[in-house]
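Feature annotations, courtesy of TrEMBL:
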type	residues	note
ACT_SITE	D165	active site, proton acceptor
BINDING	Q40, D115, D147, G148, P174	S-methyl-5'-thioadenosine binding site
BINDING	H71, E95	spermidine binding site
DOMAIN	11-247	domain 'PABS'
Amino acid sequence: MGMSLVGIECTSWLVDQISPDEIHMFKRDSAMVALKTDFQAVEYVETTAFGHALVLDGLMQSAELDEHLYHEALVHPAMFLHPCPKRVLIIGGGEGATLREVLKHNTVEAVTMVDIDGELVDFCKQNLHAWHAGTFDDPRLNLLHEDGRAFLENTHEQYDVILTDITDGLSDSPILALYTKEFYCLCHEHLTPQGVMSVQAFTLTIHRWQEHALIARTIAAAFPIARSYTAFIPSFLLTWGFVLATKTVDPLTVTAATIADRIIARGMEDKLRAYDQITHAAYFSLLRELRQNIARPGGIVEDGKAFSLDV
């Protein structure tokens with residue numbers, strides 16, 4: 001017998017507790033498939049509203065109906081900001097959907113994907129075909145199962161685009177090392193002169209913006225240009241934040257015509273469901289209140305140092 005919440009039997013519901021005082025609930029249509037890897041608890045469920053969904057450590061990670069909204073937002077602003085991205089590094093991205101979006105660009109010659117959880121990636125290969133669309137078999141892919149930061153510390157490779165698609169980790173978990181100034185400095189060092197980095201950066205709403213602002217400040221301490229942007233993800237029931245960072249080009253100065261031309265040049269007019277030059281501008285058009293909150297002075301995340309969300 002599951003707990004009862006307002007008369008709802010929660011054994012048939014996926015309960016996504018996103019904070020101590022906020023939960024989201026999704027009706028399940030079928031029994032879940034679950035496993036425990038060395039790094040996280042994995043559940044694969046069927047929901048009524050959003051189709052199949054991947055749940056990691058009890059939190060909604062990705063849903064079949066709208067995962068493209070998240071993955072197109074993470075990938076394409078960075079990829080289209082670069083005039084000709086050939087070499088791409090993905091840190092995380094176990095579902096394969098980030099990889100799928102990267103490989104839509106006909107300029108790409110090589111992708112290195114580093115996800116520490118090989119069991120999760122194997123699970124996604126077998127079950128999440130709608131996410132990866134067979135791209136794990138693409139010959140341009142070099143798939144590694146190791147720590148993403150250790151990989152950067154030991155490689156001499158340079159990349160045109162670096163994408164970090166990792167779980168939330170502002171706690172005492174190993175993933176925290178991928179949110180520090182030192183990690184973002186490593187990313188900076190491994191980018192080509194026109195290189196671009198894009199990271200998922202937590203919820204960004206008027207009631208939950210502190211974590212995003214902390215990450216944005218941390219990235220700004222490692223890059224000369226760092227811009228926040230958002231996309232609404234229905235299965236998260238939240239507006240999600242991202243940060244795009246570059247060495248030279250401000251994404252706010254890139255024209256709609258430039259993005260439209262690059263979409264055509266890369267043969268992607270019919271390969272994008274959400275993203276285009278109009279959507280790009282919308283991503284970066286934040287509410288005034290959010291812009292002010294992100295701009296507040298505050299601390300950053302550094303190796304071995306305590307940090308606070310207070311500003």
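Even glycines carry a Cβ here, placed using N, Cα and C.
The CA atom of the residue listed as 'active site, proton acceptor' is located 15 Å away from the CA atom of Q40 (S-methyl-5'-thioadenosine binding site). Non-local contacts of P174 (S-methyl-5'-thioadenosine binding site) by the CB criterion (under 8 A, 6+ apart in sequence, same chain) comprise D147. The Cβ of H71 (spermidine binding site) has 27 other Cβ atoms within 10 Å, all protein chains considered.
Taking the binding-site residues E95, D115, D147, G148 in turn, the residue surrounded by the fewest other Cβ atoms inside 10 Å of its Cβ turns out to be D147. Ranking the recorded positions Q40, D165 by C-beta neighbours within 10 Å puts D165 at the top.
Other residues of the same chain near the S-methyl-5'-thioadenosine site, with their Cβ within 8 Å of the Cβ centroid of Q40, D115, D147, G148, P174, are F39, G92, I116, D117, I166, I175, L178. The secondary structure of E95 (spermidine binding site), as reduced to three states from DSSP, is coil rather than helix or strand.
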